[in-house]
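Features as listed in TrEMBL:
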type: REGION; residues: 41-63; note: region 'Disordered'
type: COMPBIAS; residues: 48-62; note: compositional bias 'Basic residues'
type: REGION; residues: 126-178; note: region 'Disordered'
type: REGION; residues: 229-258; note: region 'Disordered'
type: REGION; residues: 298-322; note: region 'Disordered'
type: COMPBIAS; residues: 299-315; note: compositional bias 'Low complexity'
type: DOMAIN; residues: 351-443; note: domain 'SH2'
type: REGION; residues: 436-465; note: region 'Disordered'
Amino acid sequence: MLQQILKTMYVDPEILSELSEEQKQLLFFKMREEQVRRYKEWDEKEAKKPKKQPKPGKRRIQFLKGADGEPWTWVMGEGRGDATIEEIMDREDQLRAQRLAEKEAEELKRKNEELIRAKLQAEKEKLEQEKQRLAEEARRKEAEAHASRKEAKLAAERARKAWAEQEKQAKELEKRKEAELKCNNCQEPVLQRKEQMERRRSFEEVHKKAEKRAKELYMSLKEARETAIKEAEQEQERKEREWREQLQKQKEADKRRSMLARNAREEFRRSVHMAMADNKKQTVYDVAMQLQKQSLGGAATATSSSKTSSPTQASLPARPTSRQEVIRWFQDFEQPRQAGMDARTHQVAKWFHGIISRQEAEALLEGRPVGSFLVRVSERVWGYTISYRGEGRFKHFLIDTSDNTYQFFGTNQLSHGSLWDLVNFHMKEPISSTGGEVLKTPCGQTKQPPDYRNLMGESQNSSWL
């Protein structure tokens, strides 16, 4: 199965979910090694290919190079006579503040001009009304004087005194009229001077406001720039901190992978010693060679529990597509090998379960002591899964049977001739050196009929029930 994954560089999410954390890390490590190997192979092939010569006269882009032969670069603020980046940004802030202040001053000046024009227009209208009133009054008085003179002509003897008085009033009226006209002619320069004074005062006020606003804008832009620089520095510090944390995690992952490799070597040596203890007639070299062949995917070692030869699985697809295929695979390949049987009693082992999900397995292990376990038939791959009750959490370890042996997913794993041998071995030795998962208490069936009933053929139902 590992060779198939490395060939396609794809692992099904359902299979990935069945792997333990260590098996996932090992799989990713192997996939990365395969990527590097393929890249190096491609790079070597590309290096051997003849390079294409550029066509003559073809346009090309070339970077200007300095005296040292490297691309010429210019860093702002580092050249001779260059202003520093702070000075350039400060000057830009001043110009920007000046432009904004001038724009606001122009807007304020326009509004003041409109107010002045409206005020002068109101005063002109008031003056015109006053002129009309005085003219109307003069016409009325003139009419009255004309009537008085006519009456005086008709009765001269009777109104000589009145005539003299009327003449006097007429002269006074003429003088007043001339004075009024003269006064009206004098008011025009006064209004012009008043308008000029208003404009001058408005201009001075706008200029002062523009200077004040320019300073305010400059300070706000400077504060905004300092805030942006501070935020950029904080962001840079955060990225550097994340980079250091990521680097530390990578170092820890490298250390963990090194530890896994070292643990695999230790488990291999431990397996050699155990095999030597079981068969003292073999030499250390013979046992080591035998285990090495098994770990590289060789033929399964014959054990006392595997008395019958099993058919080959080479014709099977990469993974099952339905539950019925899993049942047929178990009946054709695993049942003849007595998978799930207790080698001592030749009955179904207590820890063996049928096709149940991860959630069902965890529900069965819930509330049980640490070290409780069960072995269930996997619906995702041609193999099994050991569900283990750990300290505070559950763990699941995938068992691969693609090479007619039983071993955990990955390379350099110790292979066993039967499922019983694998479980029995790890009831003494931990599955992984880092986790120390020793299989202690098997978890059996909690209801009838058992969940493995549909796996058994009719001819062998009696031996499994």
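Residue numbering: from 1, along the chain as shown.
Glycine is treated like the rest: Cβ placed from N, Cα and C.
Any TrEMBL annotation is an automated prediction that lacks curation.
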The region 'Disordered' (41-63): DSSP-derived helix, strand, coil residue counts: 8 helix, 0 strand, 15 coil
Distal contacts, the region 'Disordered' (229-258) - CB-CB under 8 A, six or more residues away: 25-26, 29, 434
Helix, strand and coil totals (DSSP H, G, I; E, B; other) for the domain 'SH2' (351-443): 15 helix, 28 strand, 50 coil
